[in-house]
Every structure is written in structure tokens, then in C-alpha cells.
Amino acid sequence: MAEVPIESEFPVWGLLPKKETGVVSFLNKYPDYDGRGTIIAILDSGVDPAAAGLKVTSTGEIKVIERFDCSGCGDVDTSTIIKKVVDGHITGITGRKLKIPESWKNPTGNWRTGVLYPFSIYPTKLKERVQEHRKEHLWDVGHKKAFAEANAKLHEFETDVAAKNPNLSADEKLLKEELEARVEVLQAAEKKYTDVGPTYDCVLFHDGEIWRACIDTTESGELSEGLLLGEYSVTHEHAHLTSLDEMTVSINVHDDGDVLEVVGMCSTHGTHVAAIAAGYFPEEAERNGVAPGAQIVSLTIGDGRLGSMETGTALVRACLKIMDLTATRKIDVINMSYGEHAHWSNSGRVGEVISSVVNRYGVSWVVSAGNHGPALCTVGTPPDIAHPVLIGVGAYVSAEMMSAAYSMRAAGPAGAFSWSSRGPCADGAAGVSLCAPGGAVASVARCRTARRTPHTAHRTPHTARRPPISTLCSRFTLRNCQLMNGTSMAAPHVAGAVGNS
């Protein structure tokens, strides 16, 4: 039997391909032109600042410098102000008595309270996983025991009483009906069971310097055991919401304290996109993104309540946030790996707002073309808007990618993926400006054992999913990195390249 040839080296450079577009040779020649000093805004499902490669830049600066949820699904109404503290306690919106730790500073004496329903910010799969866990440990523990006992008593009555005496007395008939009713009620309760999730009290206060918020994830009122975070824009603090979900959250405060924004992620898509554009691994250069020196602004446009679908409102809010941020820092590149076909091409206020951001603020806006090829005129929106101001990107696959990412023993010819959308647009515009590698094994939500200490960093995605290659797991994504392919992966490659220039 002939020996099977074993390759000595795995083509790691094909996992997050950069050779195809000359990024590797460019950075070898000009190592300082790696995106440092550049800011890339990621309009997506949210970026996890705790994910591998997204903590710091190549120069040691914080990688994710801003984090906002423009969908509104994490907004908490904190307009209710409580001034009266009785024996160190205040009463939350839920009616729970909330114990204020003595170490908290609140010069104003104003305690703003609200309620967070975590299921509103959970991604669908995470919500299902948490519901399954809660059912097993909160519902089944009591219900199965009660059902077994009711069944046993009914069986005992039928065996010891009804079977021996067909003519039951009035009391025995009444007892039988009672036992049967207990079983029926418990069966009906199981069928009608639904879990709307936990309810967390939120307490917002100003410590004299910044806003801080505590989320009572214990649901006990012991705020010292809850999650205490400062504004992300100031402190860059983030932490897992609970040890069960392990979803990284941070906070922002708006309208002078009337709105507490809890920022999570509606999927892991945005983290993957950010890792391709600007991930940085000091000890593993092959895992670096295209612009490892660039910083990230995360703007969530996907709404977890809609299965991660983006909304026009969220997109416009993201544009307005970019306009606001330009007052203090320059946003150089925008990546939007989101989109679908519009009902009407070349019309709508959202397209006009997008065009104004590009034209007025000099931002390069990179978008995924879509995954509806190979037919002509299959470009999605964006880039199919009235004004040709966007860089539409199609998906390319190389022989090295086929071998490393897709385990193909005999690689075929390189070229555009068959499913990558093709132009032109309905109005004759090109739609697809260029192609870039449309697949990568990159970071997703951070995997680790949960800690409750805040960490401070020293619509429809255009993605086709594939099985994970890593066995490292967290409860949020059940993986540490993941292979994804789509024009969603091609667009951030171009965004990173623009950031390097």
C-alpha cells in the first residue's frame, strides 16, 4: 500500500488571506503603514472588544474606541429619579428593594432607575440556549417532580381503590377527579410554558466625574454583586452580562441620564468583520487583519429583536453618530457588510443620508455587493443607491484559500465566487467596484471563563456560514474563531486596505 503524502506545513496564510491583494508584501516593505492613526467604523451587528485580536492596536492603543447600539434594542428608560434612600435601600421599578453600596459616590443624590429585559438584546441562538438552561434548572426541577408525584398518586388510587371497587363512593369519585385534574393541569402547564426571561433592575448615577450604571443581574437587590460599568467612551469598561450568557456588554448614557444604552451584539458577524479589517495578534502575524494598527468604532445597525435585520432608523442613527464623532476625531473608513435588495432602486432618504456622509465628511464607505450571483444585476442595496459614492466589493477565492479554509486537496482556478453578486445596477452603475478575498477564519466573540470584573482594553449580513474550526468554546458563540464566507468578508478586507493607504 502506497504511503499517503503528508504536508509538513499548513498554509496558515490562507486562513485570513492577505497575499492575494499584496497586503503582506506592502506591510513587509512599509511596516508603519499598517493603519495606525486610522479609524474604521464598522456598521454591523456589534463588535466584541473582548474578542481575540480586538483588544489593542499594533502601537498598543485601545482597538475598539467607541461602541454604540443604534438599533435601540438595548435602551433603558432611566427617567425615573429616586432621591429618598431608606436604610441604604431604594425601591426599583420592579418593586425590589435595592441596597446601595456605601462605596458608591453620588454627589447629586439622584438615583435613576430602569429595567433591562436581557432577552431583547440576546442573539437568537443565545436566547434559545439560555431559555433551555432556565427551563432545565428553574422549571423542570419543580414541574417534573410535581408531575411524577401526581401521576404516582393517580396510579396508586386506580390500583388500590378503583380496580378493587368499581362502585366508588361520592368521596372516592371526588378524589379521583381531583387526582386526574392535577395531572391534566400539570400537562397543560408544560404545553403552555413560555419564558420571557429575567428582569434586571438598572441603577444609573453620576459619581461627580462620569456616569455609572449597575445592572442587578442577581435579581436579589444586592447591587454590590451586580454588574457596575462606566461609560464606554470614557472608561472602555466592558464585561460579560452574566456567567450564563457570557455576552460582552458596555454602556452609554444619553439625554442627560434619561436613557441608559446597554450595548451588546445581535450576532457574532460584526466581530468577525472587524477582525478581518483590523485584528492584531502580536505573536501570530498570520492571524492579523489587513490593518492591524487601525482603531475601530462599532456601530450596531442589526436589531436582535428582528433576527439581526438592520433598520432604516438604525442606519440613519449610525450616520448621525459618525457626523457627531467627526467633531472630535476623523472617521476615515466605513465598512458596511449588510444589505439586501431594495423595493425601489435609486430612491429613499436613507441613500441620501449615506451620500451626504461620504460627500460632506470625506469618508470612504465600503460595502458588500451581496451573495446573489452569478446572474447579472444581482447587486444589493447598498451599493445600489442613487449616487455612486460607495465602493462595492465582490468576493474572490484563491487557490491558497481553497486549500487552507476549505480543505480542498485539488485546488481549482482562482476567481470570483459563483455566488458573489454581479453588476450592473438597475441604473447602469457598475455596482461592483472590485473583488477581495471573500472568506476567512477570524475571531468571533471572546472565549474564556467568565469574570464579573469589568475589562479595560490596554438586517441581513452578506455572509454564508460554515462549521467552526476551533474547539475552544464559550456559552455565547460556542467557539473562539470561525470560518465565514461571503461578500461580508471581502468588504472589510478592502476597508482595511483603504485604511493602510
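Each position is counted from 1, following the chain as shown.
A Cβ is built for glycine as well, from the same backbone N, Cα and C atoms used for every other residue.
Mean pLDDT for the domain 'Peptidase S8/S53' (35-498) in the predicted structure: 89. The domain 'Peptidase S8/S53' feature in TrEMBL is assigned to 35-498.
Among the features that TrEMBL reports, active site, charge relay system is placed at ASP44 (among others). Around the Cβ of ASP44 (active site, charge relay system), the number of neighbouring Cβ atoms within 10 Å comes to 31.
If you look up TrEMBL, you'll see 169-196 marked as coiled coil.
Over all protein chains present, the Cβ of HIS269 (active site, charge relay system) has 29 other Cβ atoms lying within 10 Å. Sequence annotations record features per position, and here TrEMBL assigns active site, charge relay system to HIS269 (among others).
A helical conformation is recorded for SER488 (active site, charge relay system) in the three-state DSSP classification. The annotation active site, charge relay system is assigned in TrEMBL to SER488 (among others).
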> What three-state secondary structure does DSSP assign to ASP44 (active site, charge relay system)?
Replying inline: strand
>> Please report the Cα separation of SER488 (active site, charge relay system) and HIS269 (active site, charge relay system) in Å, rounded to an integer.
In response: 9
